[in-house]
Structures are given as structure tokens and as C-alpha cells.
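Notes to accompany the following structure.
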Amino acid sequence: MKIIHKGLVEYLPTFEAMKTFNAGRNADTEDELWVVEHPPVFTQGLAGKPEHLLIRDDIPVVQIDRGGQITYHGPGQLVVYTMIDFKRRKTSVRNIVSALENSIIATLAEYGIEAAADPKRPGIYVGERKIASLGLRIKNGSVYHGLALNVNMDLSPFTQINPCGYAGMEMTQIADFVQPCPAPDEVASKLTAHLETQLTPKADNNE
């Protein structure tokens with residue numbers, strides 16, 4: 001699996017690049033993880049309802065093809081796009097989602113943060129506060145989009161939306177629990193290591 005660090009990049013060109021990558025895949029295309037941050041942007045998923053955008057300002061809203069409702073991306077949030085051929089890996093989308101969840105939880109545990117998935121709501125939570133979001137698109141036996149982990153960012157734009165369609169959802173981030181807060185690059189190193197482990201087919205782990 002190839003890990004590509006793209007730095008701070010605009011959302012829309014990245015979204016187009018994901019679609020292009022997935023459309024051009026063949027049986028030999030190596031899976032990739034794209035590690036990025038984005039300038040401020042709201043992204044509205046396929047199930048998105050306009051009423052979940054509570055306040056319109058100068059932050060752009062981009063309609064995209066992942067599942068789910070509206071969320072926010074901004075600097076200081078670690079985003080990992082998972083370009084994975086799950087058919088070739090002989091796994092399921094549910095297992096991919098579990099791998100993403102487990103990787104986030106394990107990464108946060110390294111910083112002494114106890115987090116968990118919620119079977120009733122997508123994402124990862126510390127208590128009742130959401131610290132990470134997940135959203136995928138399934139096409140041609142592969143997935144793209146991925147996860148977003150709040151590290152050290154301005155959380156106030158989340159008050160302009162119902163995050164992932166949940167009114168009053170409180171958000172949190174690593175900086176609320178760890179000072180000095182680790183840089184996103186450090187968190188990315190830990191998270192991608194866990195992702196590689198979690199996404200490796202179990203048969204390969206036994207070799």
C-alpha cells in the first residue's frame with residue numbers, strides 16, 4: 001500500500017483526483033492512502049439535506065458522492081483518503097469501515113484518549129463528543145473517500161451545520177485532551193501505521 005502525503009490541498013481537485021484514480025484502476029493498481037488537510041470547506045454527501053446547513057457564509061459547500069450528510073473540513077484536521085480494492089483484498093466494506101474505526105481508536109489510545117465507535121451513529125466519539133468522521137463511496141469493487149480526524153483546528157464552523165445530520169452534535173479534537181498538541185504529521189504517521197496493519201488481509205499477517 002502506497003502512502004502519499006499531499007499536505008494542504010483544495011478539496012475539489014482532490015475529489016476529482018479520487019474519482020479519476022478509481023475509474024482508472026485495474027487489477028494491478030496499488031492501493032493508496034492519501035494524507036491531506038483542506039482549507040475550510042463543507043462537503044455534502046449523497047443523503048445530504050439542505051436544512052442541515054444552518055448558516056451560509058463564505059465557506060464553500062461542495063456536493064460529493066460519498067454516503068452521509070454534511071461535514072466540515074479545515075486546517076488542523078487530518079484527512080486520510082482510502083483508495084482500496086476491497087474485492088482484491090477479499091474483504092467487505094463493513095470490514096473496511098471497522099478497520100478505519102479501529103485505526104482511529106488505536107491512534108487516539110496512543111495519546112491516552114479513550115474513544116469508541118457508536119453503533120447508532122457513524123464516526124468515532126470521546127464520550128458524547130465526536131472526534132472523527134467516516135464516509136465512503138463504493139464503486140467497481142473499490143472504495144474511496146475515507147476518514148477525518150480532528151487534531152488541532154477551529155471547531156466553530158461545525159456550529160454552522162448539523163454534523164452528519166445530527167442537530168446539536170458536539171465536536172472535539174486531540175488538542176482538547178493533549179497539550180502540547182501533536183502536529184498532524186505526527187498523528188498521521190501513527191494513524192497510517194495502524195491503517196496498514198488493520199487493512200492487511202489476515203492471511204498475510206500469518207506469513
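The backbone N, Cα and C atoms fix where each Cβ goes, and this holds for glycine too.
Record features, source Swiss-Prot:
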ACT_SITE  C164  active site, acyl-thioester intermediate
BINDING   R66, G67, G68, Q69, I70, T71, Y72, H73, S133, L134, G135, G146, L147, A148  substrate binding site
DOMAIN    27-203  domain 'BPL/LPL catalytic'
SITE      K130  site 'Lowers pKa of active site Cys'
>> Within the domain 'BPL/LPL catalytic' (27-203), what mean pLDDT does the predicted structure show?
In response: 89
> Which whole-number value in Å describes the distance between the Cα atoms of K130 (site 'Lowers pKa of active site Cys') and L147 (substrate binding site)?
Replying inline: 13
> If you draw a 10 Å sphere on the Cβ of S133 (substrate binding site), how many other Cβ atoms land inside?
Replying inline: 24
>> Looking only at R66, G67, G68, Q69, I70, T71, Y72, H73, S133, L134, G135, G146, L147, A148, which the record lists for substrate, tell me the maximum pairwise CA distance in angstrom.
In response: 16
